[in-house]
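Novice: Below are the structure tokens for one structure; questions will follow.
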Amino acid sequence: MSKIFEDNSLTIGHTPLVRLNRIGNGRILAKVESRNPSFSVKCRIGANMIWDAEKRGVLKPGVELVEPTSGNTGIALAYVAAARGYKLTLTMPETMSIERRKLLKALGANLVLTEGAKGMKGAIQKAEEIVASNPEKYLLLQQFSNPANPEIHEKTTGPEIWEDTDGQVDVFIAGVGTGGTLTGVSRYIKGTKGKTDLISVAVEPTDSPVIAQALAGEEIKPGPHKIQGIGAGFIPANLDLKLVDKVIGITNEEAISTARRLMEEEGILAGISSGAAVAAALKLQEDESFTNKNIVVILPSSGERYLSTALFADLFTEKELQQ
């Protein structure tokens, strides 16, 4: 029996869970989300936020979508918008990689760059200004607070992990951008499947440790960092802090060096935030109590999306680049 998808947004999910054989002790299992249709974990929320808006009747012909993004959510929304015939405007910090900008343009999105120093807060503010200029014309999807974000991970990512491990998952690690992945997967495994001893680990940049600060009851003090896709500088509404059992901070250098190791030692093209997540798993394994635990790690995107960044710096000499 043939299986034909009616549009590309319907092809999300069922990404492979791959054992890391040379990084760690063989207990780290990487969920390779670059196998999604627009090559990142954000394909899931891009599709579901648009499907949800259609179901609720707020997205209809003539309405244009608006969303702030660090890149991957924007690309995910752009491919779904193109597949389903919607116009899309994205606001994004100017510090994001040129590859992301080019992909967004190629998918037909209108791209508005915002001041890099203002981070995602600046992009969010600009998106809100655009919508306020004509509320009847524009619809803001709000990935940081839209319940359709964690919902898709609760419905797809969580069940996939549970099935692929036969329920033998002890630790779940995800970098936190919107918080949707960590929240949705944890809700499914801890709640629906009743595995309350699952250890859910949030990964954030050491230079912007806002989750650790929030859990410690400290003042939130975000900072600049180079781990694109995580560390938005605030606690997103979609991050359920009650589900977070542990927070691990990762430096820019740790994220980049581990992403390179994934490429060189495991043959997995991994982005910077993927490196951060695996670096967190390696830190966990330094604790003997985690030696025999199965650790599932989300690898959000492919390294090809970071060719112009520090991830690929120093790989070629000037002469080699000119050849």
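Every residue, even glycine, has its Cβ placed from backbone N, Cα and C.
Worth saying up front: this structure is predicted, and the values here are computed from it rather than measured.
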Novice: For the pyridoxal 5'-phosphate site that Swiss-Prot lists with N72, G177, T178, G179, G180, T181, give the additional residue from the candidates S2, S257, S273.
Specialist: S273
Novice: Could you let me know which of K42, K55, K105 shows up in Swiss-Prot as N6-(pyridoxal phosphate)lysine?
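Specialist: According to Swiss-Prot, the N6-(pyridoxal phosphate)lysine annotation belongs to K42.
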Novice: At the level of the C-alpha atoms, what whole-angstrom distance separates G179 (pyridoxal 5'-phosphate binding site) and K42 (N6-(pyridoxal phosphate)lysine)?
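Specialist: G179 (pyridoxal 5'-phosphate binding site) and K42 (N6-(pyridoxal phosphate)lysine) have their Cα atoms 12 Å apart.
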Novice: For pyridoxal 5'-phosphate, with binders N72, G177, T178, G179, G180, T181, S273, what's the maximum Cα separation in whole Å?
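Specialist: Farthest Cα pair among residues binding pyridoxal 5'-phosphate: 15 Å.
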Novice: Around the recorded pyridoxal 5'-phosphate site, report the further residues of that chain (criterion: Cβ within 8 Å of the mean position of the Cβ atoms of N72, G177, T178, G179, G180, T181, S273; site residues excluded), sequence-ordered.
Specialist: V41, K42, I45, T73, A174, G175, V176, L182, G229, I230, P300
